[in-house]
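Student: Take this structure, written in structure tokens, and hold onto it; I'll ask about it next.
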Amino acid sequence: MNIVIIDTNCSNLLSVKTMLHRLGHNPIISDRADVISQADKLFLPGVGTASSAMKQLKKKNLITLIQNCTKPILGICLGMQLFGSISSENNGVNTLNIIHTPVKRMQYHGFPLPHMGWNTITIPKKHFLFYGIKENDYFYFAHSYCIKVCSVTISQTNYGQLFSSVIKYKNFFGVQFHPEKSGMPGQQLVKNFLEI
């Protein structure tokens, strides 16, 4: 299987690559359109700001390529948020607009922001992505922005407010948490994604 991790210059590439090695795969890290277009599965990890990530994708001519992708692609943390229509960061940053839902800064409800640490996910709809994962398994989060619960939400998390922890739209999958830092449940989710 040809697995490519898209290099946005603002992500935790090595930890994602290490997790995929543990699952018996040898992924390629690349920002080249010709390499990315040959992938069987794609990962779009991201850490940092939407504006920085979008600038990098634009600079590398990857925006249209990702928008038109027909292979399964998993956005991680900021990578998932980039699938949204616009981020409220810095008075508005246009993102990939794959799902027509905005990304908004989380509201303070007595919990510290950013949301950083372990939290559970709920699974309101049965889905193959969660095979072998128990209701209320813990996953590792580190974010201040989120996608509200919407039509593409397949799992949600409560942190003073409900937000999408996993989304799916066509071949686009997104996780707000970091599966590569989430122990066995995170590894199982990635394994399920790779078996699509």
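Count begins at 1; order follows the chain as displayed.
Every residue, even glycine, has its Cβ placed from backbone N, Cα and C.
Positions annotated as domain 'Glutamine amidotransferase type-1' by Swiss-Prot, on the basis of sequence analysis: 2-196. The active site, nucleophile feature in Swiss-Prot is assigned to CYS77. Here Swiss-Prot flags HIS178, GLU180 as active site, drawing on sequence analysis.
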Student: Sort out the sequence-distant neighbours of HIS178 (active site) for me: same chain, 6+ apart, CB within less than 8 Å of its CB, listed by position.
Tutor: ASN12, SER15, ILE76, CYS77, PHE139, TYR140, PHE141, ALA142, GLY186
Student: Over the domain 'Glutamine amidotransferase type-1' (2-196), work out the mean pLDDT and round it to an integer.
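Tutor: Taking every residue of the domain 'Glutamine amidotransferase type-1' (2-196) together, the mean pLDDT is 95.
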Student: Return one of helix, strand or coil for CYS77 (active site, nucleophile), based on DSSP.
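Tutor: Strand, per DSSP.
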Student: Any idea which of the active-site residues CYS77, GLU180 has the thinnest Cβ neighbourhood at 10 Å?
Tutor: GLU180
